[in-house]
């Protein structure tokens, strides 16, 4: 069962206006979407995106004229909303990463605990599977991807072992890949009872295969463009690579890093100088101990919130 992380906190952070237009960029299994809908009146709208066909199939079971489900990555959000006649929205939620259902269904090929075909595609209707990609990946490419996207200290040794085993017999199942990786990590004497030895390698291959970081980087500017003044952008990330992108983007959009401190200029002049488009709302939020106890996968979640500012073309004096 998929449990939405930071459910109340995320929807509260959107600061829902009853008649507003909202976007759930990652429908998953609809926890956030259903709560958003419960806070809208009859004139409100919610558009949900997901590139997983199974998620969209579930979303289309919601029979509510205020709700539309779009089979697309959130990276296609701007174009899709334009085609629906929507130019501006009042809030956008991005709940990044993989859903519990995707992880737990062996047939989806994300799990290093349950045996299944080595797939790992978020959108199972297109693109190469992880097994197909491994047949073409060089050791150098594998090492770079595992090191960059998995932040795995044994990337070189893992890549070498994968290529060696691949030459012996193509790796086509999740447990075989997990066993190859785990053998390398354990041989190095590294042990972390909180994390499976293959976690970082599986994360790296999944991120690369689904272009997760590229899509996130493409999507964040679209969100700023789409938001009405006062609209909120809420992003929940699950690993440091995602969170760094979100944090850096939000800080850049505040413009606070580009002027020397203590300059004697008015706030509105500073904002115009830096083309400030967002203001950060509060500090990052993590799940509480009760939520982590109930849903251990929530432990790495980080939520950041920003609000769209009014843009000005000139400074009034």
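From the backbone N, Cα and C atoms, a Cβ is placed for every residue, glycine too.
The S-adenosyl-L-methionine binding site annotation in Swiss-Prot covers 30, 31, 32, 50, 78, 95, 102.
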Next item on the list: Determine, from DSSP, whether residue 78 (S-adenosyl-L-methionine binding site) sits in helix, strand or coil.
Entry: helix
Notebook entry, point to check: What count of other C-beta atoms do you get within 10 angstroms of the C-beta of residue 31 (S-adenosyl-L-methionine binding site), across all chains shown?
Noted result: 19
Check: For residue 95 (S-adenosyl-L-methionine binding site), which residues in the same chain are close in space, meaning a Cβ under 8 Å from its Cβ, but six or more apart along the sequence?
Finding: 4, 5, 10, 24, 25, 26, 28, 32, 236
Checklist line | Longest CA-CA distance among 30, 31, 32, 50, 78, 95, 102, per record bound to S-adenosyl-L-methionine, angstrom | finding: 26
Next item on the list: Counting other Cβ atoms within 10 Å, pick out the least crowded of the binding-site residues 30, 32, 50, 78, 102.
Entry: 78
